[in-house]
Amino acid sequence: MSFQILPIPMWVGTQDNYAYLLLCEETRQAAIVDPAEVNVVMPILKKKLKNKEIDLQAILTTHHHADHSGGNLNLKKEFPHVTIYGGSDQNGVSHVLQDKETLRIGNVQIEALHTPCHTRDSICFYAHSSNEHAVFTGDTLFNAGCGRFFEGTAAEMHIALNAVLSSLPNNTVIYPGHEYTKSNVKFASKHLQSEALNHLEGLCNHNQFIAGHITMGQEKQFNPFMRVTDPELQKHLGLNDPIKVMDELRTLKNQG
């Protein structure tokens, strides 16, 4: 069993969001993740449906913010049979997922991982088949960074990143909700020094889109928010409590 993931940059105006099309290769069943910009996503879906490349089954919503869920209702009008999954009954969500609840898109199993902090309804979708692993992290985890704690605490983000997501297989490919990698690398380099971070910086210099290039195993090597127990980072910040390290990193990142 295998699946394909098509990143769809929705870079409209100042936006830097991604939507993603997940396709089961055996059945052609598909799901679209966070299709906020209908004018970008709809032509792609219609073309693939017309060519019978996909059988659209679901919309997966990582959280309620409009730049992730804003296209749900318009897509539902166009594709009324589609189920909209998410963490709360906002913006057209018709199936509210419980933590660790699973659904299937063809032969691909998808597990809803509750990661409240950026929003209370934040969900990461872990997709896997017998030989492939991927996770759609919305605004919880970015390459070399994480989301703001709008509706949660440093302790909750610590759990989300360093208990929930870090426990996924190291070969799990990460698909974040935004392309923030270059700015995140710039911030991370102020607090960490590693060959892994240098490699990511080189990747940024040669690629406009980083989504789908990084695994969870790699992320844990260079993401400062996933290294809050690192003695060198703790020494650098003058803190030895991982949650306080998380909070301080987020405060510093918010300051620019």
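All residue numbers here begin at 1 and follow the chain in the order shown.
Using the three backbone atoms N, Cα and C, a Cβ is placed for every residue, glycine included.
Owing to the predicted nature of the structure, the values given are computational and were not obtained by experimental measurement.
Swiss-Prot annotations:
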type	residues	note
BINDING	His63, His65, His118, Asp139	Zn(2+) 1 binding site
BINDING	Asp67, His68, Asp139, His178	Zn(2+) 2 binding site
BINDING	Arg148, Phe149, Phe150, His178, Glu179, Tyr180, Arg250, Thr251, Leu252, Lys253	substrate binding site
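Structure coloured by features recorded in Swiss-Prot.
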{"residue": "His63", "record": "Zn(2+) 1 binding site", "DSSP (3 states)": "coil"}
{"residue": "His68", "record": "Zn(2+) 2 binding site", "DSSP (3 states)": "helix"}
{"residue": "Asp139", "record": "Zn(2+) 1 binding site", "DSSP (3 states)": "coil"}
{"residue": "Arg148", "record": "substrate binding site", "DSSP (3 states)": "coil"}
{"residue": "His178", "record": "Zn(2+) 2 binding site", "DSSP (3 states)": "strand"}
{"residue": "Arg250", "record": "substrate binding site", "DSSP (3 states)": "helix"}
Count of other CB atoms lying within 10 Å of the CB belonging to His118 (Zn(2+) 1 binding site): 25
Distance [Cα-Cα, Å, rounded] between His118 (Zn(2+) 1 binding site) and Phe150 (substrate binding site): 5
His65 (Zn(2+) 1 binding site) versus Glu179 (substrate binding site) - Cα distance in angstrom: 16
Distance check against Arg250 (substrate binding site) for the binding-site residues His63, His65, Asp67, His68, His178, keeping those with Cα within 10 Å: none
Distance, His178 (Zn(2+) 2 binding site) to Phe150 (substrate binding site) (CA atoms, angstrom): 16
Spatial neighbours of Asp139 (Zn(2+) 1 binding site) that are distant in sequence (at least 6 apart) but have CB under 8 A: Thr62, His63, His65, His68, His118, Thr119, Ser122, Gly147, Arg148, Pro176, Gly177, His178
Asp67 (Zn(2+) 2 binding site) to Leu252 (substrate binding site) - Cα separation in whole Å: 24
Cβ neighbours of His68 (Zn(2+) 2 binding site) where a neighbour is any other Cβ within 10 Å: 27
